[in-house]
Amino acid sequence: MTQVYNFSAGPAMLPVEVLRRAEQELRNWHGLGTSVMEISHRSKEFMQVAEESEKDLRDLLQIPANYKVLFCHGGARAQFAAVPLNLLGDSNSADYIDGGYWAHSAVKEAQKYCTPHVIDVTTHDNGLTGIQPMKQWKLSDNAAYVHYCPNETIDGVAINEQPDFGNKVVVADYSSSILSRPIDISRYGVIYAGAQKNIGPAGLTLVIVREDLLGKAHTALPSILDYKVLADNDSMFNTPPTFAWYLSGLVFKWLKEQGGLGEMEKRNQAKAELLYGAIDRTGFYRNQVAIANRSWMNVPFQMAEASLDKLFLSEAEAQGLQALKGHRVAGGMRASIYNAMPIEGVKALTDFMADFERRHG
């Protein structure tokens, strides 16, 4: 059987070791004779899953004690609404950094609840898209918070700086880069992330929120999106997505076994350098992102001859290189190389790219 590597942007591949363990435990979890999917979320057995997964996540990210960790429904799009409705308080304004598709999507949702001050930080030099340094961002004085997206999956654009905005409340959509490297949680008021890229399967959303920001929710905010309600109920205000929570907990344990986020940073950098090196080697492939802002997680690329795209994708699929088609907005190709993608998968892709170029260049 051909070795398959899944380059999907999300839902994305999970670590093989995690899938094997889940397979082994599926029908008889911890000797109960039932699946973890079938037990009550309030049972002592599942409460142990919840407690261990939060502890492991706190260890991985070094989350300070004055932050709550919430396991939620709704994906990042739900957080596009939850953030303003939880944080605006008496304000009607927030700074929104527009650096790409998902940042702009957050702006569109926020416009229902406030008047976002939109700050376009993209640059376009010599056909390459980049991001202004944070010190050049023109933040307003009275914004309730500053929202940005550190990694744009479609554009393949990353903001690698950590924010240093004094006492401003910083909110970040880390859906596609959480757990890929160490970050300083204390620089943020809220971090949120859909699970389906670097955490676990779709259906779970992670929120990390500083405690002093709780209790400011708009009266019209649905309780299921209220950070304080969720925190007060240990993320069990209603039935949570238990199987996704359990699998994410297995991923957290796998990350710790691999050496933590410092080790993942080294691996992710090596994978990205290998793939970008293959793209840059000749003019056959190209990436249109400034080097300083190239994403380690999502690598879009095009060919000089766009007519070859379909052939490239079909041949890649036949070689076990799946889900390389670019987003419908961007076209071309895109390789998403999250934590679970081994460097062997990237090597298989770059070998195929070189062979394809030899035959069609």
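For all residues, glycine too, the Cβ spot is worked out from N, Cα and C.
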Inset, instruction - Kindly point out which candidate in Q48, Q196, Q269, Q288 is recorded by Swiss-Prot as part of the pyridoxal 5'-phosphate site with A76, R77, W102, T153, D173, N238, T239. - result: Q196
Legend entry - Rounded Cα separation (Å) that holds between Q196 (pyridoxal 5'-phosphate binding site) and R42 (L-glutamate binding site): 24
Legend entry - Residue pair W102 (pyridoxal 5'-phosphate binding site), K197 (N6-(pyridoxal phosphate)lysine) - Cα distance, angstrom, rounded: 14
Inset, instruction - Using DSSP with the three-state reduction, classify D173 (pyridoxal 5'-phosphate binding site) as helix, strand or coil. - result: strand
Inset, instruction - Among the recorded positions A76, R77, D173, K197, T239, report those whose Cα falls within 10 Å of that of R42 (L-glutamate binding site); none is a fine answer. - result: T239
Inset, instruction - May I ask for the distance between R77 (pyridoxal 5'-phosphate binding site) and K197 (N6-(pyridoxal phosphate)lysine), taken between their Cα atoms and rounded to an integer number of Å? - result: 14
Legend entry - Set of same-chain residues at least 6 away whose C-beta sits under 8 angstroms from D173 (pyridoxal 5'-phosphate binding site): A76, Q79, W102, A103, A106, H147, Y148, C149, P150, Y192, A193
